[in-house]
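Positions annotated as ATP binding site by Swiss-Prot: 10, 11, 12, 13, 14, 15, 16, 17, 18, 38, 119. For 89, 125, 129, 177, 186, 262, 274, the entry in Swiss-Prot reads L-citrulline binding site, with the evidence type sequence analysis. Sequence annotations record features per position, and here Swiss-Prot assigns L-aspartate binding site to 121, 125, 126.
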């Protein structure tokens with residue numbers, strides 16, 4: 001008896017997920033494999049991917065356009081949370097996984113499957129994200145993980161596929177592992193595994209190099225409503241179009257490249273190259289607007305919780321109770337985050353040159369000014385400082401007894 005009768009496989013068209021199709025049927029006795037490929041704005045032509053799955057033995061090959069929910073339900077909450085894993089990585093890949101898992105479960109219910117499957121290996125983060133998300137959404141569904149269990153090297157995996165009649169991958173000579181969607185690209189493996197080796201220019205596709213970036217700076221304005229970006233340079237855009245425009249603007253000035261050593265969920269360190277031009281630009285602008293519109297204690301608390309929010313998403317806990325609770329806090333703070341931020345884009349840098357809010361700003365010029373319009377009561381400072389410093393004076397006096 002096989003491990004499952006009908007399986008829905010998360011499918012990318014790559015080597016591992018293509019080999020998963022015959023492997024599930026021949027080695028694990030699965031009767032029927034249905035594939036699902038998600039369109040997340042990665043720019044791939046999905047019809048060849050759909051046909052490839054059928055040629056590999058899938059009974060059905062489904063494709064789903066998830067671009068709009070990806071941006072509205074996953075990217076925008078990350079912007080509102082200023083989500084940067086380990087202070088740098090804006091979770092461009094991690095944000096896609098819970099959405100794919102959610103749709104995978106929905107497809108499994110629609111076709112009456114008793115299991116879902118993915119092609120993640122045992123060393124990466126995505127296996128955790130898929131398995132935990134599926135467990136949260138459908139604990140009754142079995143999760144099959146052939147690539148984690150088959151113990152084959154990449155060369156052996158390709159050879160297995162060729163024995164099953166699959167064509168050799170076009171990218172067989174490429175040493176890199178690449179994941180991409182509308183938010184960005186992640187590149188790893190090959191020569192990048194040496195942390196001292198500079199990444200070659202060939203690994204980048206969404207951003208120009210600093211040398212190739214324009215010598216003349218460009219100023220732009222980004223407007224936010226309730227913490228969500230809504231327009232660039234006065235042009236109101238739908239969420240997907242806004243991300244595309246932010247990618248274009250930032251990428252054309254060499255903004256959005258990351259080269260970092262990150263701590264994976266499974267306990268190892270890995271070297272990752274990321275390109276996330278638009279997302280990093282929007283988070284920077286959003287942070288700046290919050291500094292103008294949020295009360296000091298709210299802002300400090302939010303900065304602490306942002307790190308935890310990013311950790312939860314990175315670790316695959318999107319559908320967990322703590323993430324849900326933090327969402328409530330984040331959403332409550334954003335009603336006041338309305339306004340415009342101006343940035344100067346130049347040679348890999350986005351420099352804030354202005355910020356304003358007509359209805360939410362907590363910056364009061366008359367209180368901050370040192371000129372004749374100053375309305376701050378300087379005489380009140382003496383009493384405030386006395387009370388503020390009283391614990392220190394009492395502590396100091398006690399030490400001298």
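Note that Cβ sites are derived from N, Cα and C of the backbone, with glycine treated the same way.
Location within the structure of each feature annotated in Swiss-Prot.
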residue: 10; record: ATP binding site; contacts (Cβ under 8 Å, 6+ apart): 17, 35, 36, 38, 100, 101, 104, 116, 117, 118, 119, 130
residue: 16; record: ATP binding site; contacts (Cβ under 8 Å, 6+ apart): 119, 121, 147, 157
residue: 89; record: L-citrulline binding site; contacts (Cβ under 8 Å, 6+ apart): 258, 260, 262, 272, 274, 276, 314
residue: 125; record: L-citrulline binding site; contacts (Cβ under 8 Å, 6+ apart): 94, 264, 265, 266, 314, 315, 316
residue: 126; record: L-aspartate binding site; contacts (Cβ under 8 Å, 6+ apart): 93, 97, 118, 120
residue: 129; record: L-citrulline binding site; contacts (Cβ under 8 Å, 6+ apart): 94, 97, 98, 101, 315, 316, 318
residue: 177; record: L-citrulline binding site; contacts (Cβ under 8 Å, 6+ apart): 187, 188, 189, 190
Integer Cα-Cα distance in angstrom, residue 186 (L-citrulline binding site) to residue 12 (ATP binding site): 15
DSSP three-state assignment (helix, strand or coil) for residue 126 (L-aspartate binding site): helix
Around the Cβ of residue 262 (L-citrulline binding site), the count of other Cβ atoms that are within 10 Å: 17
Which listed residue (12, 18, 121, 186) has most other Cβ within 10 Å, given these are binding-site residues: 18
Cβ atoms near residue 14 (ATP binding site) (within 10 Å, other residues, all chains): 17
Residue 16 (ATP binding site) in three-state DSSP notation: helix
